[in-house]
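Here's the structure we're looking at; comments come further down.
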Amino acid sequence: MSHTTTTFFLDLINLLGIFAFAISGAMRGVRSQMDIFGIVVLGVVTAVSGGILRDLLIGATPPEAIANWHIMALAVLVGVGVFFFHHLFDHLRHPVLLFDAAGLGVFAATGAQKALTFGLSPVMAAVLGMISGIGGGMVRDILTAQIPVVLRAEIYASAALLGAAITLVGDFLHLPSIESTLAGASLTFILRMMALYRHWSLPRPR
Amino acid sequence: MSHTTTTFFLDLINLLGIFAFAISGAMRGVRSQMDIFGIVVLGVVTAVSGGILRDLLIGATPPEAIANWHIMALAVLVGVGVFFFHHLFDHLRHPVLLFDAAGLGVFAATGAQKALTFGLSPVMAAVLGMISGIGGGMVRDILTAQIPVVLRAEIYASAALLGAAITLVGDFLHLPSIESTLAGASLTFILRMMALYRHWSLPRPR
Amino acid sequence: MSHTTTTFFLDLINLLGIFAFAISGAMRGVRSQMDIFGIVVLGVVTAVSGGILRDLLIGATPPEAIANWHIMALAVLVGVGVFFFHHLFDHLRHPVLLFDAAGLGVFAATGAQKALTFGLSPVMAAVLGMISGIGGGMVRDILTAQIPVVLRAEIYASAALLGAAITLVGDFLHLPSIESTLAGASLTFILRMMALYRHWSLPRPR
């Protein structure tokens, strides 16, 4: 596949993450009976915080979501859409958590790759991938005065870290970038959803 | 008006924003029965967070409030003043919200202009103005374990965004910088106060 | 003492701060009945947030805790250790607060010195020292939905500010770096512990 096509697909995957987190944030706004602007703001903040945190930490300023208007524009559109059509998600058991898991996977994978290109060591790149993934949901939960899901949850940050690591392994094996990204993102998503529906959990202190 | 006079007036307007947010933060500390240091810290954090967030996002490091001591010094003085003279505000119906609205307007206008000079596109500069305006109150509310007013409220971030946009429109029409700033800041302030006292609100999901 | 030995001791002191804050964060996770990953994440976040905040504010990107993996590795190890051996701290009256006070002192002292080497004025360097000290506990408290100890507490940020100032005074008197650091860190720690056990407090508004 040509370089341009690869870039296009990776951009598309990244927009998918923005899309998923914007839905998760906006749905939380709907559940909290916010007005349309609050819903949109919460959607946008959830969508961009992980990436902004990542970019600030690796020194990529201004962050991508600030330098290009199209990321925020997409998140705003999604927020407005959720305001009008939120009943479409009513039949889903955990709409916030489902879309949160999708965003978690995408950002863990793409975040790890971006950190690597900014010169971080593989271990720290995986950690940065995890941070990209968990940042949005963390800010969403803090803003709505809840203990972040990352701290309460069954497998969550651990799924993001594993997905980020798998993506990097793929890159080191010279797999096509898209394949590594999809592998890491899917692994995180599947692990997280399994944990949610099967009530998998990690050990707790006695 | 000479360039020096313009700079002087803009600095003055900015200090007004610091002043207003420091009062709003310190008053929240008084209401939460904090001690004098807690009150001062909350005043300072509320006053500087919006600008620091803006500067980190546009890559202006170290942020203005860190590079120059006089911003923090003013916020500290205001915090100490509020500790001793907070009863002066007792007859105001919503002292925290009144000063919050003033800070919101000033920072939305000056934040948008600063973002523009750092090369952001007009649309993103308006968004950065909004972020500068809402950042301080957001951190104040998070620190005192409340859902941020920006998410709960009648017209708030929307007023900041509109004021930021009007300021930029003024700049593009080559109005004197002070006039654009005052127009944008006043618009935000008036919209916010009207929303507060007239209970204006945006639509909520059914 | 040779330059290398000095650097070694300062690194050691800094790791002591990481160690102390990681215990304080992880213990909070244990108290909140989190699982092992939540405990480790909370320990790591508490340990690195103050330093990362300091580095972002003084423009030292990527922050030390991101550029070098050994800081996070230590925090992870401590978090895992706390998960398995948290009962060792059961006889301590306030384990979270005891280790928090140690981290507060160390980071206030070393943070002030780092800010000075990045060209900040002495006053702002002391403020940055305070921020380095209080940042970790602040993020820990926000993440567990508590009003930060820095705002509720008896002498806390004030102890950090004083310790940071003393460290800088030592540096200006050309004391060996280690001695200034230890003096500032100890002063903060002792003030904070005295305030805790003697119930010292600052005045509150009437």
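Note: Cβ is positioned from N, Cα and C throughout, glycine not excepted.
Here's what TrEMBL has on this protein:
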TRANSMEM  A:6-24  transmembrane segment
DOMAIN    A:12-86  domain 'Glycine transporter'
TRANSMEM  A:36-54  transmembrane segment
TRANSMEM  A:66-85  transmembrane segment
DOMAIN    A:98-169  domain 'Glycine transporter'
TRANSMEM  A:122-143  transmembrane segment
TRANSMEM  A:155-175  transmembrane segment
TRANSMEM  A:181-200  transmembrane segment
Cβ-Cβ under 8 Å with the transmembrane segment (A:6-24): same-chain residues at least 6 beyond its ends: 43-44, 46-48, 50, 71, 74-75, 78-79, 82, 89, 95-97, 99-100, 102-103, 105-107, 109-110, 136-137, 140, 176-178, 181-182, 185
Tally of residues which DSSP labels helix, strand or coil - the domain 'Glycine transporter' (A:98-169): 59 helix, 0 strand, 13 coil
DSSP residue counts for the domain 'Glycine transporter' (A:12-86), split into helix, strand and coil: 65 helix, 0 strand, 10 coil
Segment confidence, the domain 'Glycine transporter' (A:98-169), expressed as mean pLDDT: 91
